[in-house]
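Engineer: Can you read through this structure? Questions will come right after.
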């Protein structure tokens, strides 16, 4: 025991040396273990009666520490001090499981945290109401972040609407910076609630706010983001089928995200037959207007062209109120289709029945003068009668129109925002408010189309 006291005294009076903490601890541990071994071998120290507290301290002092143990301790934070009830809630006090969690166990763990429970979210304002659903602005009690709660009423005789099932099944697998994120799903006897990330504006509101006069640089940034999200969907054989400004959500940073996948479909083969009762009338391609039920990703590209025109001019391209009027507006601008511009069109019974006048095509530049030459070229490549001839989203991303955005926008990870690049910034809009972006207020619902 005297040897131990002398050793501790020498250690406390020693002069610090320029060595690392690990080296000092390693040397101390080695000397301590050697001294302990020598003491046991010499047998010179007389055993003395120790109190229980001193016995515990002695056992702790005699414990051998490896360098692995020391490194583990050095890598820990100084003092975490997490509340015990929080640790119990997350079950962090239990040792790690030797095997990966099963799907059922993982669901149970998420449920313990609060996912999948209606009481986890607080409803704030009603954003709008439709036939099957009501959308609320809400807040998560877990994260304190704002969310959008899409509450779908369940009819007992019908169950969940097919649009809701479709939206959930598709969105749960889509992880992209330009696609709205589905955070949670809550199923009760009376409702199905989809919890989305909250974006408090959309492209329609943005246009209204800037007096329908956007900066052309901002048009390019929004267009690139739209194509980026759509290319991600099309690469996974998913068609949106309902593109319009109200379904393109925008946050305060200017990030644009595809939303409202209620009409979207996973396309297994190009020839699969679908319903032609899809897509808002103004953004519906002529082949669908004439009754086509066999289509692929080009159905979305016509709508992209209409949205590009609307951003550049501040007004919708083909605002028809009926199918016949919609076709009439299209043919007056692009010319009445012929077998040369649209092979097979004369064999479509609906086309023959309408008996349209023979319109000649008009130059797009005279209708969208703010678009530059490359922009007009891109628009022309999207507004083609023959669906398979329309430019794809992937090809459109590489169009010279976007060259001014630089090369780095094409190298981003799917989940990375283009605004993570310092060279990508919105500019002032020349509209009556003259702001690059500002929230359009906290008033009425931003859209009805989410239902």
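Here the Cβ of each residue, glycine as well, is placed from N, Cα and C on the backbone.
Worth saying up front: this structure is predicted, and the values here are computed from it rather than measured.
Swiss-Prot feature annotations, pasted as is:
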type	residues	note
MOD_RES	12	phosphoserine
MOD_RES	51	phosphoserine
MOD_RES	66	phosphoserine
MOD_RES	75	phosphoserine
MOD_RES	109	phosphoserine
DOMAIN	121-402	domain 'Protein kinase'
BINDING	127, 128, 129, 130, 131, 132, 133, 134, 135, 150	ATP binding site
ACT_SITE	242	active site, proton acceptor
MOD_RES	417	phosphoserine
MOD_RES	420	phosphoserine
Engineer: Quick one: what's DSSP say for residue 127 (ATP binding site), helix, strand or coil?
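Structural biologist: In three-state terms, residue 127 (ATP binding site) counts as strand.
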Engineer: Test of understanding: give the count of other CB atoms lying within 10 angstroms of the CB of residue 135 (ATP binding site).
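Structural biologist: Taking every protein chain into account, the count is 24.
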Engineer: Over all shown protein chains, what is the count of other CB atoms within 10 A of the CB belonging to residue 133 (ATP binding site)?
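Structural biologist: I count 22 other Cβ atoms within 10 Å of it.
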Engineer: Among the recorded positions 129, 242, whose Cβ has the fewest other Cβ atoms within 10 Å?
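Structural biologist: Each of the recorded positions 129, 242 was scored by Cβ atoms within 10 Å; lowest is 129.
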Engineer: For residue 420 (phosphoserine), write down the residues of its own chain that are at least 6 apart in sequence and whose Cβ falls under 8 Å from its Cβ; none is a fine answer.
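Structural biologist: Set apart from residue 420 (phosphoserine) by at least 6 residues yet with Cβ under 8 Å, we have 412.
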Engineer: Pop the Cα-Cα gap between residue 242 (active site, proton acceptor) and residue 127 (ATP binding site) into the table, whole Å please.
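Structural biologist: Cα to Cα, residue 127 (ATP binding site) and residue 242 (active site, proton acceptor) are separated by 20 Å.
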Engineer: Give me the count of other Cβ atoms within 10 A of the Cβ belonging to residue 417 (phosphoserine).
Structural biologist: 18
Engineer: Once the chains shown are all counted, how many other Cβ atoms turn up within 10 Å of the Cβ of residue 127 (ATP binding site)?
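Structural biologist: Result for residue 127 (ATP binding site): 21 other Cβ atoms within 10 Å.
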Engineer: Taking DSSP three-state, what's residue 417 (phosphoserine) in: helix, strand or coil?
Structural biologist: coil
Engineer: If one measures from the C-alpha of residue 129 (ATP binding site) to the C-alpha of residue 242 (active site, proton acceptor), what distance in angstrom results, rounded to a whole number?
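Structural biologist: Distance between the two Cα atoms comes out at 19 Å.
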